Ligand SMILES: NC(=O)c1ccc[n+]([C@@H]2O[C@H](COP(=O)([O-])OP(=O)(O)OC[C@H]3O[C@@H](n4cnc5c(N)ncnc54)[C@H](O)[C@@H]3O)[C@@H](O)[C@H]2O)c1
Ligand SMILES: O=C(O)[C@@H](O)[C@@H](O)[C@H](O)[C@@H](O)CO
């Protein structure tokens, strides 16, 4: 019998859910997956085959066969969540759908089961709005793919108990993740708000004909992206100021940029640029592009971890 404390229900087996399932299984957890997709078994097989080499490259001691044997497709939600320590939900990004699911989860799971959503932007308080308790509901927002990118944004609502916060962070850390616990709830959390700000400006610059998508990406990869992967944007501000630090940089460089108005692209412009991006990168099929991106991310992560050791 698998120890009940290392069992997880993964609700929703799409891009994110399958990556979570592989990660939990790679760390010895019993994983039960619930999803109405007709090809669930094959999807799990494919996801494990794809994730295993990445997990091994990142130093996780896992045999692909062992990994796959720890993941089962459940016939129902009730079967999936029976006796698990944590539920990691990865269903459609729709608040109504998540509200309904979490209300059901709260009624059918044990009183100490953590109920986590992978949501990209919906706060736990919105999901728990109509739920009396809500103390077990929390956001555990990963970055795609969770089995490679280490950060999980842990975002409690005011209803979430400290025990839930602590245990969720502890579970994610036990999977080799880097939990970032937010002090306050905000729609979009921190990562996606920052990503949104940067992408809005990037889309605006492409739409205005200032730069082509590939050139903007080359610029980011060879400058800010590289710098931020090494030290993070705020530590970089401090370094940018030299011995005078962030204060010096803001006084001597920041001031001159205060007049700059950033772009605010219309939905139509965003759609146009999305088409331009797909055209620019479409010659490489999605699977190959995703595999290449995974390899590059693992190389950078391995190098930055080695440098920090
Ligand atoms: N894709 C990303 O980059 C990313 C990153 C971080 C977080 N997220 C979040 O993770 C969640 C899932 O995103 P995704 O990209 O994996 O979506 P996806 O569309 O790939 O997967 C969603 C899955 O939910 C399943 N589903 C639908 N109804 C269901 C039900 N009643 N019970 C169980 N499963 C059901 C679908 O069959 C599908 O497999 C969203 O909340 C999203 O915001 C996505
Ligand atoms: O970048 C990520 O993986 C996460 O921030 C996601 O939540 C987000 O939805 C992106 O995929 C899209 O911006």
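Placement of Cβ uses the backbone N, Cα and C atoms for every residue, glycine included.
Annotated features in TrEMBL:
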DOMAIN    7-183  domain '3-hydroxyacyl-CoA dehydrogenase NAD binding'
DOMAIN    188-256  domain '3-hydroxyacyl-CoA dehydrogenase C-terminal'
SITE      141  site 'Important for catalytic activity'
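Mean pLDDT for the domain '3-hydroxyacyl-CoA dehydrogenase NAD binding' (7-183) in this predicted model: 97. Using DSSP to sort the residues of the domain '3-hydroxyacyl-CoA dehydrogenase C-terminal' (188-256) gives these counts of helix, strand and coil: 57 helix, 0 strand, 12 coil. Mapped onto three states, the DSSP output places residue 141 (site 'Important for catalytic activity') in strand.
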